[in-house]
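According to Swiss-Prot, the protein carries these features:
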| type | residues | note |
| --- | --- | --- |
| ACT_SITE | D56 | active site |
| ACT_SITE | E128 | active site |
| BINDING | E52, D125, E128 | Mg(2+) binding site |
| DOMAIN | 12-139 | domain 'RNase III' |
| DOMAIN | 165-231 | domain 'DRBM' |
Amino acid sequence: MEKDNQPSIEELKAFLQKNNIEYKNIDLFIEATTHKTYSKVNKNSKDYERLEFLGDSLVGFLISDYCVREFSSLEPGELSRLRSKLVDKLALFKIAQKLKVEQIIKTGPKKARNEVLSSSNVLSDVVEALIAAIYLDQGMQSAKDFIKSHFYEIANKAQNKPNKDPKSELQEYFQTISAETVKYETIEIPNKRSFESKAWHLNKIYGTGVGLSKKDAEKNAAANALSKLKT
């Protein structure tokens, strides 16, 4: 790390080499791993948001291409469901964890750095920005190779595994970033003969839901939380 605890160019190059990512223009990859909290105080630097914009579209296209080529037996509806599992933020976050992208992200000062690096959305966005950098620097085939290399395992698990209960999926998501369990605050609404539930994690409400039973209300609250986390 540099003196201000920012990753150095040498560390970025080592990260790329470790993950078999070739490069011609290292500046593209510096941009792909720079958060806006860093660029705000370092005026000559660019943040990853433009590359993330491109990467978001690339991921959608490349995942669709990958699914059609690799899963020839699936019907269009099945392909659509598989693609949706691969292009959401949770799948990208898993890739970010696998690559350990938090080690090469430039951010603002210490407080901002801690907040940024604990954000699953930021880590997911950096993966998309990296895919865009690979595409611009090395071309479409290299971007396809990256997708195939890092999404293959997730794709096979998603295809072969039935959809999880939303409460289980939400708990699994938070287990990747905290030991704290998800809690549900559920009340009965007498006049409507229904229940309303709120999904809490670390003193923050992530989702709400209503159901004819306590179980259904909590399930819907978890589903609501997941839909927000995936966008």
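Just so you know, the numbers here start at 1 and follow the chain as drawn.
Any Cβ shown, glycine's included, is placed from N, Cα and C.
Keep in mind that this is a model prediction, so the values were computed, not measured.
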E128 (active site), Cβ-centred 10 Å count of other Cβ atoms over all protein chains shown, is 26
DSSP tally for the domain 'RNase III' (12-139), helix/strand/coil in that order, comes to 94 helix, 2 strand, 32 coil
The domain 'DRBM' (165-231) [mean pLDDT, rounded to integer]: 86
Protein Cβ atoms within 10 Å of D125 (Mg(2+) binding site), excluding its own: 25
Starting from the Cβ centroid of E52, D125, E128, the recorded Mg(2+) site, name every other residue in that chain with its Cβ within 8 Å, sequence order please. Y48, E49, L51, F53, G55, D56, S124, V126, V127, A129, A132
Run through the domain 'DRBM' (165-231) and tell me, per DSSP, how many residues are helix, strand and coil. 29 helix, 23 strand, 15 coil
